[in-house]
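Take a look at the structure set out below.
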Amino acid sequence: MTEELREHVAEELLRSRARSTALTDAVDEHDLVRQHSKLMSPLVWDLAHIGNQEELWLVRDVGGREPVRSDIDEYYDAFKYGRSVRPELPLLNPKEARQYVGDVRGKVFDVLEKVPLQGRRLVENGFAFGMIVQHEQQHDETMLATHQLRTGEPVLHAPAPPRGKLVPATEAFIPGGPFEMGTSDEPWALDNERPAHTVHVDAFFIDTTPVTNAEFAEFVLAGGYDDRRLWTEAGWEHRTTAKLVAPRFWQREGNSFTRTAFGVTEPIVPDEPVVHVCFHEAQAYATWVGKRLPTEPEWEKAARFDPETGRTRRYPWGDGEPTELHANLGQRHLRPAPVGAYPAGVSASGVHQLIGDVWEWTSSDFHGYPGFEAFPYREYSEVFFGPDYKVLRGGSFGTDKSAIRATFRNWDYPIRRQIFAGFRCARDA
Ligand SMILES: [Fe+2]
């Protein structure tokens, strides 16, 4: 078991590093050090930060080894300096950053070979290694979002996603009653996904697919952005000050739209899930169609609950790991797949594409579950609990399979649009 686990950890470390390398080798030195948006760090910051977190947890803490570079810790501490000021810090240059992450990784493989993967909660089932793999993959998704904000010739390329297929029902009925939410036994689940607990959810309907570009374009053309009644007070204020008129990266030409993604401009694809909308835009659209956003427990029940057995599944399709037949994950394609493209990934209730394609806004604030315990550090999630953040679920085409589960919880400000976020609607039964 331990050997198998070590091999699995090693494979995941290599896979995440291959992705970080591809994302940073794709651009020149100038593009690595410059800030493509105030919302993002320079790519070279993400790279060295990945190495620094890996050093802190795996080299120093788990391995008990001497620091590789203790002089740079503060510049890569995400809590000390916000994204907007990071370009002014005395950061490692691209060559130094590559050298640094390589040196750290060399030591980590040595630690992985020698350290017992038991006896301490931090290393049980390889948790600390899994946390670092997920951390790197999360920053890879962040770097992918930076690529989306970068201007210039396209540098990333990927094959087209599978074709969409007809999904006969537009809504699925989810029966009322209790279900088990969260997890206590998923080995690499993070603190905010724990513990498993019973939640009662009233019966509801949820859309079988995410809202598409064609559907969202109708909302724009119908004047949805100018109809005060559709927006909450905070939403209207934001729409007004930020001058929102359409999803981010859309351009309007008469009554049609193009969008720019990773340097390529093309007409919007009608049956592809809409992406780069903020919570407020999602909420206004849902109101326009006479629905609402799902709550977080509703989303998870639609994804995991099997009405036949009453059992909660690990993923919508069952307990097996995601394959490329189940979901659009891992930057395999550089866009969401059209609706219906993953019939093998459907949930027991008949809901499609809950995992992958686009992060889905829920109406819920980010809070700890009953019995929540911060682990291994408060800054992972506890310091973000409260009304400032909305929960997003399911992962996007830019999320790696190691960093998504049907229990996985992401959170962000309701005004954020640079993330790969879309949504689906729900309504009371
Ligand atoms: Fe980080």
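Glycine is no exception: its Cβ is also placed from the backbone N, Cα and C atoms.
Fair warning: this is a prediction, and the values are worked out from it, not measured in the lab.
For 13-143, the entry in TrEMBL reads domain 'DinB-like'. Residues annotated as Fe cation binding site in TrEMBL: H49, H135, H139. According to TrEMBL, the feature gamma-L-glutamyl-L-cysteine binding site maps to R83, S84, V85, R86, D412, R416. Here TrEMBL flags 171-427 as domain 'Sulfatase-modifying factor enzyme-like'.
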Residue pair R83 (gamma-L-glutamyl-L-cysteine binding site), H49 (Fe cation binding site) - Cα distance, angstrom, rounded: 12
Maximum Cα-Cα separation in Å among residues R83, S84, V85, R86, D412, R416, which the record lists as binding gamma-L-glutamyl-L-cysteine: 20
Three-state composition of the domain 'DinB-like' (13-143), taking helix and strand from DSSP: 92 helix, 0 strand, 39 coil
Within its own chain, what residues at least 6 apart in sequence put their Cβ under 8 Å from the Cβ of H139 (Fe cation binding site), listed in sequence order? S20, D46, H49, I50
Give the distance between the Cα atoms of S84 (gamma-L-glutamyl-L-cysteine binding site) and H135 (Fe cation binding site), rounded to the nearest whole Å. 21
Could you state the CA-to-CA distance between D412 (gamma-L-glutamyl-L-cysteine binding site) and H135 (Fe cation binding site) to the nearest Å? 16
Nearest-integer angstrom distance between the alpha carbons (Cα) of R86 (gamma-L-glutamyl-L-cysteine binding site) and H135 (Fe cation binding site): 19
